[in-house]
Amino acid sequence: MTTQYGFFIDSSRCAGCKTCELACKDYKDLTPEVSFRRIYEYAGGDWQEDNGVWHQNVFAYYLSISCNHCEDPACTKVCPSGAMHKREDGFVVVDEDVCIGCRYCHMACPYGAPQYNETKGHMTKCDGCYDRVAEGKKPICVESCPLRALDFGPIDELRKKHGDLAAVAPLPRAHFTKPNIVIKPNANSRPTGDTTGYLANPKEV
């Protein structure tokens, strides 16, 4: 492998505006039911009494998630046709001419990255905009973010600059597939496995 690319996700900046998601849908000409990049809204909190005075500790934060181009992708392991594969540059992509549309990859991926396109009759997914990267550009989602909450580059450089946190609630633990992402947590972020909050927009992700 030449270079493993990855995404930096700054949850402290993300306002959940979905500009990245819409820019991706436009650039990739996606159908309404398919979104390669999705915005997770995690929220929770309750009321607590302190000497007869009630206080609330309500919280919410956003995470912009697409395919994480994992080091150990679950999708490639279950693909019976070999359509789902990892390139030399680390991008996990699907060969749409080979895909048989069995959806095993979608069932295996803990992030729901591979998505079935009803119109095309096979699986589709984020490819990291490798065509843009080859031209020295960043993925369209990164370029479109108005709050600069996303960045992209060699994962080793991103980890050196931002640390190696790769999981907060509601994401799964990173050891399952070793996702190539780095997360800067929101002040309200909860650890993976947290039960004090819930996914507030399940139909959108």
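Just so it is clear, glycine is given a Cβ too, placed from its N, Cα and C backbone atoms.
Take the [4Fe-4S] cluster 3 site that Swiss-Prot assigns to CYS67, CYS70, CYS75: the candidate from CYS24, CYS102, CYS109 listed for it is CYS109. Candidate binding-site residues: CYS67, CYS70, CYS109. Nearest to CYS79 ([4Fe-4S] cluster 4 binding site) by Cα distance: CYS109. Note on proximity: of the binding-site residues CYS99, CYS102, CYS105, the one nearest CYS75 ([4Fe-4S] cluster 3 binding site) is CYS105, by Cα distance. Comparing C-alpha positions, CYS67 ([4Fe-4S] cluster 3 binding site) sits nearest to CYS105 among the binding-site residues CYS99, CYS102, CYS105.
Here the domain '4Fe-4S ferredoxin-type 1' (5-33) has Cβ contacts under 8 Å with residues 39, 41, 61-66, 68-69, 89-91, 117-119, 124, 126, 128-129, 133, 139-155, 158, 161-162, 168, 179-187, 189 of the same chain, all six or more residues outside its ends. A sphere of 10 angstroms centred on the C-beta of CYS75 ([4Fe-4S] cluster 3 binding site) encloses 27 other C-beta atoms.
Broken down by DSSP into helix, strand and coil, the domain '4Fe-4S ferredoxin-type 3' (90-119) contains 5 helix, 6 strand, 19 coil.
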